[in-house]
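S.K.: Please read through the structure below; I'll follow up with questions.
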Amino acid sequence: MGGGGSALRVCADHRGGINWLSLSPDGQRLLTGSEDGTARLWSTADGTCCALLQGHESYVTFCQLEDEAAFTCSADCTIRKWDVLTGQCLQVFRGHTSIVNRILVADNQLFSSSYDRTARAWSVDRGQVAREFRGHRNCVLTLAYAGAPCVEEAVAGGLLVTGSTDATAKVWQVASGCCHQTLRGHTGAVLCLVLDAPGRTAFTGSTDATVRAWDILSGQQLRVFREHQGSVICLELVNRHVYSGSADRTVKCWLADTGERVRTFTAHRHSVSALKYHAGTLFTGSGDARARAFDAQSGALRRVFRGHAFVINCIQVHGQVLYTASHDGALRLWDVRGLPPPRAAAPKRSLSRLFSNKGIFPMPWDRTQVVHIAGRLLTL
């Protein structure tokens with residue numbers, strides 16, 4: 001096992017915990033969203049803060065960074081679009097009546113999920129609601145999008161998949177707003193969700209300690225992945241392997257096509273709150289305030305990154321640098337050069353984008369987070 005890594009840089013400009021971290025498609029910028037109600041843009045080249053995005057009236061729950069624009073959502077019930085060069089707010093999206101939990105920009109559309117029990121599709125340019133997706137009986141936590149090329153033979157306009165604390169996931173026809181399928185089987189809140197590359201299979205993780213695979217066109221439950229002893233908080237899908245991070249302090253690796261567990265990653269002292277696969281290495285973030293690097297094939301622990309004071313909510317990797325964002329308000333940059341090489345060649349990129357509800361753990365002084373955290377139902 002490699003020794004503990006030291007941070008290349010500590011960016012502590014935020015005055016509250018960082019809830020999310022997004023990397024731009026070109027890899028040049030990072031975006032952080034914080035409990036302090038602001039978002040910040042950072043250069044990946046040297047870790048300097050490029051812009052402060054101010055305007056939200058409550059904490060920022062999630063953010064997504066594109067090459068030319070940044071998007072943030074907040075407990076103030078709004079979504080904002082920002083110019084990445086000037087930091088100017090370009091558009092405010094209003095319509096949700098409770099905390100906006102997640103956003104997703106795809107195919108020139110903006111999708112959002114909220115504690116008001118709805119998901120919505122917006123025009124990115126006009127800031128107007130194009131569709132409302134109503135049918136969940138409780139908070140909508142997570143969402144993923146299968147574009148028209150993936151499913152055009154069955155549904156023109158693509159499909160939106162949402163996960164909720166009502167223990168279901170729903171598949172929606174984006175063009176019409178109609179519910180295409182309701183995925184029933186979980187007995188607890190659906191906290192995280194990923195789609196495979198063809199966009200026909202969804203994998204959901206739940207507080208019922210299971211991962212389930214679904215055919216989103218037919219609504220059929222394909223298989224159930226059992227063995228976790230706590231809530232499944234985050235998922236990553238790589239090369240037909242599903243990685244699941246759990247409140248039971250482990251990550252498990254499963255064969256996506258059979259549900260067979262092939263590996264368990266241990267060593268965490270608290271819930272696993274974040275996952276990221278990169279070049280044969282599985283990086284994890286945990287409630288024990290540490291990030292870890294594992295050999296994805298053997299499961300061997302290769303390095304521990306110590307320095308944060310509280311839970312790591314999100315991680316990104318770019319080049320030879322690991323970025324970790326924590327509830328302690330700091331963004332840390334770590335040098336990942338010198339990690340022992342993986343035992344065998346591994347895929348260089350994930351087959352799916354990760355849209356998951358990663359654990360922001362309750363801190364006694366976070367009065368504004370009570371509703372936001374309660375929806376995650378994490379077992380501490």
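From the backbone N, Cα and C atoms, a Cβ is placed for every residue, glycine too.
From TrEMBL, here are the annotated features:
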REPEAT    11-43  repeat 'WD'
REPEAT    53-92  repeat 'WD'
REPEAT    93-132  repeat 'WD'
REPEAT    133-182  repeat 'WD'
REPEAT    183-224  repeat 'WD'
REPEAT    225-264  repeat 'WD'
REPEAT    305-337  repeat 'WD'
S.K.: What average pLDDT is reported by the model for the repeat 'WD' (11-43)?
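M.R.: Residues in the repeat 'WD' (11-43) carry a mean pLDDT of 97 in this prediction.
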S.K.: For the repeat 'WD' (53-92) and the repeat 'WD' (11-43), check the count of CB pairs under 8 Å (sequence separation 6 or more) and say whether it reaches 3 or more.
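M.R.: Contact between the repeat 'WD' (11-43) and the repeat 'WD' (53-92): present, because at least 3 Cβ pairs are under 8 Å.
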S.K.: Residues of the same chain, at least six outside the repeat 'WD' (11-43), with any C-beta under 8 angstroms of its C-beta?
M.R.: 49-54, 56-67, 70, 72, 74, 82, 84, 87, 310, 313-316, 318-319, 323-333, 360, 363, 366, 368-369
S.K.: For the repeat 'WD' (133-182), what does DSSP give as the number of helix, strand and coil residues?
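M.R.: DSSP composition of the repeat 'WD' (133-182): 4 helix, 25 strand, 21 coil.
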S.K.: Counting by DSSP, what is the helix, strand and coil composition of the repeat 'WD' (93-132)?
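M.R.: The repeat 'WD' (93-132) comes out at 0 helix, 24 strand, 16 coil.
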